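> According to TrEMBL, the active site, proton acceptor annotation covers 65. Taken from TrEMBL, the feature Ca(2+) 1 binding site covers 66, 69, 71, 73, 75, 84. Here TrEMBL flags 157 as substrate binding site. Residues annotated as heme b binding site in TrEMBL: 187. As annotated by TrEMBL, Ca(2+) 2 binding site applies to 188, 240, 248. What TrEMBL records for 34-110, 67-72, 116-318, 194-227 is disulfide bond. What TrEMBL records for 24-322 is domain 'Plant heme peroxidase family profile'. Per TrEMBL, site 'Transition state stabilizer' is recorded for 61.
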């Protein structure tokens with residue numbers, strides 16, 4: 001029987017899916033009102049990378065976490081004790097100050113025009129591109145929420161979910177298995193805290209001392225050295241041991257070699273009979289197919305229940321409502 005949490009999550013996601021069909025977004029939405037938007041966002045991101053080499057994956061993660069809670073409405077960015085930032089799934093998110101810098105630059109060039117939700121969506125695309133990944137036309141025209149949705153943060157996928165649960169969550173919002181594998185490929189760059197996978201090393205399936213059998217033994221021993229029992233669970237480990245600063249398809253060859261860092265990553269390949277296995281193999285052998293599928297999936301995810309027209313507002317400061 002489905003858990004109460006799962007049922008509640010599905011209801012949230014069903015609402016998102018139904019709302020997506022009403023979206024009216026366009027890649028040329030700001031063509032006249034803020035024609036230099038992309039250049040401004042790109043410039044700020046490149047400056048930020050000079051101070052933080054990990055900023056690109058951090059920005060993309062913010063867009064993911066925003067969209068999976070009641071849709072892509074910048075609700076994640078709102079400050080407050082009842083906000084989404086301080087909910088457990090978001091405690092390790094970073095990059096908010098860079099979003100603020102982008103918004104400040106846009107307000108100077110195009111006052112009261114560009115929403116924070118669109119800042120997140122475009123900044124995510126440009127971050128992927130600057131990191132070596134694909135470029136795509138981002139549909140724009142989202143508006144910002146008037147409230148946070150802390151109660152919906154349970155719909156953010158974690159690194160501990162089974163493939164069945166993750167697939168159910170994605171399908172509930174109209175994202176299929178190809179989208180799931182492609183979007184998971186975002187873990188081709190960035191890092192994760194030891195806390196996100198230590199159960200795979202020491203307590204898999206709540207069995208003390210057991211290591212996840214789908215984890216390469218040599219890789220597991222390396223991870224145990226980096227994340228020892230009783231150590232700092234906040235220590236950061238590269239999601240892609242081969243090229244964690246570059247957006248490429250090596251993540252998928254890692255999965256083939258049982259060297260996926262998170263359980264949700266490795267299960268894409270190691271779950272017997274799953275349709276995701278063939279997709280992982282396809283992306284591992286063709287970076288162009290991965291890039292194309294990733295771009296399509298990002299557009300679909302970015303269209304989850306956006307506020308458009310007169311709904312919501314255009315925040316002047318992404319951290320608070322007007």
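The chain as shown is numbered from 1 upward.
Placement of Cβ uses the backbone N, Cα and C atoms for every residue, glycine included.
Map these features onto the structure and tell me what's around them.
Around residue 65 (active site, proton acceptor), the same-chain residues at least 6 positions away in sequence with a Cβ under 8 Å from its Cβ are 76, 84, 89, 90, 93, 156.
Around residue 66 (Ca(2+) 1 binding site), a 10 Å sphere centred on its CB holds 29 further CB atoms from the protein chains shown.
Non-local neighbourhood of residue 157 (substrate binding site): 68, 166, 169, 264, each in the same chain, at least six residues away, with C-beta under 8 Å from its C-beta.
If you draw a 10 Å sphere around the CB of residue 187 (heme b binding site), it holds 24 other CB atoms from the protein chains shown.
For residue 188 (Ca(2+) 2 binding site), the Cβ neighbour count at a 10 Å cut-off comes to 29, with all displayed protein chains included.
Long-range Cβ proximity for residue 34 (disulfide bond), meaning a same-chain Cβ under 8 A and a gap of 6 or more residues, is found for 106, 109, 110, 113, 114.
Counting only residues at least six positions away in the same chain, the Cβ atoms of 301, 302, 304 sit under 8 Å from the Cβ of residue 67 (disulfide bond).
Sequence-distant neighbours of residue 116 (disulfide bond) (same chain, six or more apart, CB under 8 Å from its CB) are 74, 77, 99, 103, 144, 315, 318, listed in sequence order.
Within 10 Å of the C-beta of residue 227 (disulfide bond) there are 22 other C-beta atoms, taking all protein chains into account.
If you take the C-beta of residue 61 (site 'Transition state stabilizer') and look for same-chain residues 6 or more apart in sequence within under 8 angstroms, you find 93, 95, 186, 190.
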> So which one is it: of the recorded positions 69, 72, 194, which has the fewest other Cβ atoms within 10 Å?
194
> Other residues with Cβ within 8 Å of the Cβ centroid of 188, 240, 248 at the Ca(2+) 2 site?
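Neighbours within 8 Å of the Cβ centroid, excluding 188, 240, 248: 185, 187, 189, 239, 242, 243, 244, 246, 247, 249, 250, 251.
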> Name them in sequence order: residues not among 66, 69, 71, 73, 75, 84 whose Cβ is within 8 Å of the mean position of the Cβ atoms defining the Ca(2+) 1 site.
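After dropping the recorded site residues, what remains is 65, 67, 68, 70, 72, 74, 76, 145, 148, 149, 152.
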> Within 10 Å of the Cβ of residue 73 (Ca(2+) 1 binding site), how many other Cβ atoms can be counted across all chains shown?
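28, counting other Cβ atoms within 10 Å of residue 73 (Ca(2+) 1 binding site).
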> Going by a 10 angstroms cut-off between Cβ atoms, which of the binding-site residues 84, 240, 248 has the sparsest surroundings?
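Ranked by other Cβ atoms within 10 Å, the binding-site residues 84, 240, 248 bottom out at 248.
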> Rounded to the nearest Å, what's the C-alpha distance separating residue 187 (heme b binding site) and residue 71 (Ca(2+) 1 binding site)? Just drop the number here, would you?
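Between the alpha carbons of residue 187 (heme b binding site) and residue 71 (Ca(2+) 1 binding site) there are 21 Å.
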> So of 110, 318, which of the disulfide-bonded residues has the fewest other Cβ atoms within 10 Å around its own Cβ?
110
